[in-house]
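Trainee: Structure below; questions to follow.
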């Protein structure tokens, strides 16, 4: 009986507490920079696509929502198409973890509702952004040892010249 | 005052009273949800119109356009009759409540108190008949619980008012208010006040005594099969019931319209509003007892307490004219 009255009193006191509700469309919630939302494909500082079509993201994806096809041009690998089905995506971020070139990144944006389910399948032109995302300086082809047109072996950043195995000189 | 004037004033009271009552009942659905929201640290309906007031209109439109479905296995006549009884009885009950000496439909009825008890007693039929005619296990259980609950609260609810009647020496609600000019009956009849209010909660089937409804055990209890405006009528009935019980508590124990400074009607509205808010607070705070617990509480604690109250009141009245 007494506990009921105490309960009543404490419930009444909640009248003077701040509401926990965030009136979402009116006041936007703060999303951390590393929030896992809409997935984008980024470009390197030179404006080229970062994705090298290694398929690691598609392998890592637990719900198999990523599909892509490799193609090759000027010694580089590109995705011919890159498709993410966001009606399947669970925003786990495994693809971002798996990506060796920082190409695929998750962004703090979740407002991607659609009336038509088909519209949730994003193609490469929807995914690709013009910026570098979270890693502004990273450029895979500038740090990797792979030779591409305009950059031979040993010319990448922090890379030594290849050792001439036929010479005895130190 | 001529006879014609009296008729006009009477009719005005009826029409305006009905309009105000229906509006208040509609508004109460919104007030309840807002207050429940605040007591649960959220907003409640605040989108439609200023502060969400138009939620009432939206709900009304929704209810009117819902399919009005009578299940093929139900007893159609009683099924339709039950929600009507629910509304009619509470609206008849409020007719005897005098808001002020001028405002009120038959506030001067010489058996006003008995009439109120009779109407509130009849109100149980709506729940029992609804549960029974729905021909559905959950509904039937709800209706049976309503009957069981009625048996336990109706006795002490009636008896709790005997003390007031003894002190006032009248069944006329206006006279009862007049006799509280110097001392509200909540002081000498505190036990009666508490017991009557508990009975009132049970009478309106509000939490924590909403056993006939019991959402988490019985689906929706007696109104499981109801839809559309018939469902709405049960709820308008319930909300008017809250207003009736609050108004009756005000009239019987809190000196009705008496109060300093403010006009009489405002005092009546403030006191009634306080109890209405308390009803909602009860819903926000307390869990529902098992129905045998409620019956035991009624028969073993409240009924003896009420009888004791009558006994002491009578003894004190005989002992001296002090009270």
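Using the three backbone atoms N, Cα and C, a Cβ is placed for every residue, glycine included.
Bear in mind that TrEMBL entries carry predicted annotations, made automatically and left uncurated.
Fair warning: this is a prediction, and the values are worked out from it, not measured in the lab.
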Trainee: Among A:92, A:99, indicate the single residue that TrEMBL lists for the [4Fe-4S] cluster 1 site containing A:51, A:54, A:57.
Mentor: A:99
Trainee: Could you tell me which three-state DSSP class residue A:95 ([4Fe-4S] cluster 2 binding site) falls into?
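Mentor: DSSP assigns residue A:95 ([4Fe-4S] cluster 2 binding site) to helix.
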Trainee: Which of these binding-site residues is closest to residue A:54 ([4Fe-4S] cluster 1 binding site) if you go by CA atoms: A:89, A:92, A:95?
Mentor: A:95
Trainee: In sequence order, which same-chain residues at least six apart have a C-beta under 8 angstroms from residue A:89 ([4Fe-4S] cluster 2 binding site)?
Mentor: A:39, A:63, A:65
Trainee: Return only the integer: C-alpha distance in Å from residue A:61 ([4Fe-4S] cluster 2 binding site) to residue A:99 ([4Fe-4S] cluster 1 binding site).
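Mentor: If we compare the Cα positions of residue A:61 ([4Fe-4S] cluster 2 binding site) and residue A:99 ([4Fe-4S] cluster 1 binding site), the gap is 11 Å.
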Trainee: List the Cα distance (Å, whole number) between residue A:95 ([4Fe-4S] cluster 2 binding site) and residue A:51 ([4Fe-4S] cluster 1 binding site).
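Mentor: Answer for this pair: 12 Å between alpha carbons.
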